[in-house]
Amino acid sequence: RSANATYEVINVTLHTTLAATTKLVVPTPAKPILPVQTGVQAQQEEQSSGMTIFFSLLVLAICIILVHLLIKYRLHFLPESVAVVSLGILMGAFIKIIEAQKLANWKEEEMFRPNMFFLLLLPPIIFESGYSLHKGNFFQNIGSITLFSVFGTAISAFIVGGGIYFLGQADVIYKLNMTDSFAFGSLISAVDPVATIAIFNALNVDPVLNMLVFGESILNDAVSIVLTNTAEGLTRENMSDVSGWQTFLQALGYFLKMFFGSAALGTLTGLISALISFFNFEDTHHIDLRKTPSLEFGMMIIFAYLPYGLAEGISLSGIMAILFSGIVMSHYTHHNLSPVTQILMQQTLRTVAFMCETCVFAFLGLSIFSFPHKFEMSFVIWCIVLVLFGRAVNIFPLSYLLNFFRDHKITPKMMFIMWFSGLRGAIPYALSLHLGLEPIEKRQLVGTTTIIIVLFTILLLGGGTMPLIRLIDIEDSKARKRNKKDINLSKTEKMGNTIESEHLSELTEEEYEAQYIKRQDLKGFMWLDAKYLNPFFTRRLTQEDLHHGRIQMKTLTNKWYEEVRQGPSGSEDDEQELL
């Protein structure tokens, strides 16, 4: 009996230990593998995707022709974004008439797909924006820009979201719960002053004002997306048993993780690309891709999209990561590249970003007829009021606060222009379609209201920026003397006619030391960057490097000229005209 009892005890102990151990080592369930479509279903999906691609390219081609006509007939007073949105509205009306006559059915093709926007269209736009921030005085105003884009966007989101929630609770407008209200307030706080920046450049307004508006809009988009994702995360979780204070702390922790984690990932990726390009020199005895610009350019394109895929794969914000990667690559990596690759990067990024922006604005116009709408006048009016009020609370108090620490003060006129330039663009519209709101009428209401606010700000505020600047006399004196017909708002024409020489040229060791190291007026990040970061991540050019770069550019120019001379239509008269 004693032996049997002992055996039973040991047996029970072994079973208990085995069960506990099994519970400890049981792996987490694997992610479900999405079903792969085959046969007829796959063919139908390919046909549908093919027609969508064809329709998108057709719309883009028509928009490019429109922009060409604007440049050809010198309609420079009309911003291209406004023209493309208007064309999209006309195309949507035309397609609606065709569908009413049952001549064709383009409902699936003309619908704007948020996944296509976030995966294909938005990353090039954001990366190019970050890559172009080398211009002007971005880093001198990095503190002000960060305050406006992070804290200002959060203030605007809370004001709009809180106002919608409390007005709904008072039965003044359509009722939304707290998380849905905050999600809408976050997405509608993304500003996109494309037309305003074009007007600023045309009128030569204060460069500090230009950089504050431009820099804020770039960082603001990423912050708005992270805030919207934070609200969506709270919506997906069951927050019924959690207090308001715990909900706020959870949302704050999620936002900080997304913001700083994504920014750190993008910065790290950009610095790695800078180190790779730094060792990309013949005298360092490493692989020298500079001799093969196509391979060097391909490597840079990989690093341009790499942080987006990695951040999205580990549940961070790909937009925030690719933005910071673009800023770092522009500031460090770009100056280690060969002259040919520098030109390729500039022109390719500009062209791709232009095509993506044009496609988005065209589909924004098409959405007026393709999107199932739910319109409520009171909801739209109160949302516009809250958006304008939230922008004011964002700009004016923060500007007065910053003036205590700034040498170049933000004047009341500049504050008013910054408030007025808070245009909304395609990002709020795409985010509104990406929200998983239930019931469906709530999604339709949010989407319709977002479209109206975007069109209201682009057409009314964007169209009134130039008269306002002239009225309050904030433009440059030289621009004031020019005729209205001489003002050029065409971003594409300027993009094609110029190559940013300041982003191509690089200082030698002696020039860099004289221009930056010995300067006594550098402060904060500018001093740290000039003293340590820039010398570590970028290579100062020697006279031999400059000579080699000139030879490389001259060789390419001679090859191009020889091909032109040997062309089928080449004649002595044509050659003389070319010369």
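Glycine residues also receive a Cβ, built from the backbone N, Cα and C atoms like all the rest.
TrEMBL has this to say about the protein:
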type	residues	note
DOMAIN	63-469	domain 'Cation/H+ exchanger transmembrane'
TRANSMEM	53-71	transmembrane segment
TRANSMEM	77-95	transmembrane segment
TRANSMEM	116-133	transmembrane segment
TRANSMEM	145-168	transmembrane segment
TRANSMEM	180-203	transmembrane segment
TRANSMEM	258-281	transmembrane segment
TRANSMEM	352-373	transmembrane segment
TRANSMEM	379-402	transmembrane segment
TRANSMEM	414-431	transmembrane segment
TRANSMEM	451-472	transmembrane segment
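Using the rule of three or more Cβ pairs under 8 Å, pairs at least 6 apart in sequence, the transmembrane segment (379-402) is in contact with the transmembrane segment (414-431). By the Cβ criterion (under 8 Å, sequence separation of 6 or more), the transmembrane segment (53-71) is not in contact with the transmembrane segment (116-133), since fewer than 3 such pairs are found. Note on the transmembrane segment (352-373): residues 56, 59-60, 62-64, 67, 80-81, 84-93, 95-96, 107, 110-112, 117, 120-122, 124-125, 127-129, 194, 425-426, 429-430, 444, 447-448, 451, 454-455, 491-492, 495 of its chain, located 6 or more positions outside it, place their CB under 8 angstroms from a CB of the stretch.
Tertiary proximity for the transmembrane segment (414-431) is limited to same-chain residues at least six positions away from its ends with a CB under 8 Å from its CB atoms, namely 81, 112, 114, 117-118, 122, 187-188, 190-196, 205-206, 208-209, 212-213, 216, 221, 224-225, 228, 357, 360-361, 363-364, 367, 387-388, 391-392, 395-396, 399, 447, 450-451, 453-454, 457-458, 461-462, 464-465, 468-469, 472, 474.
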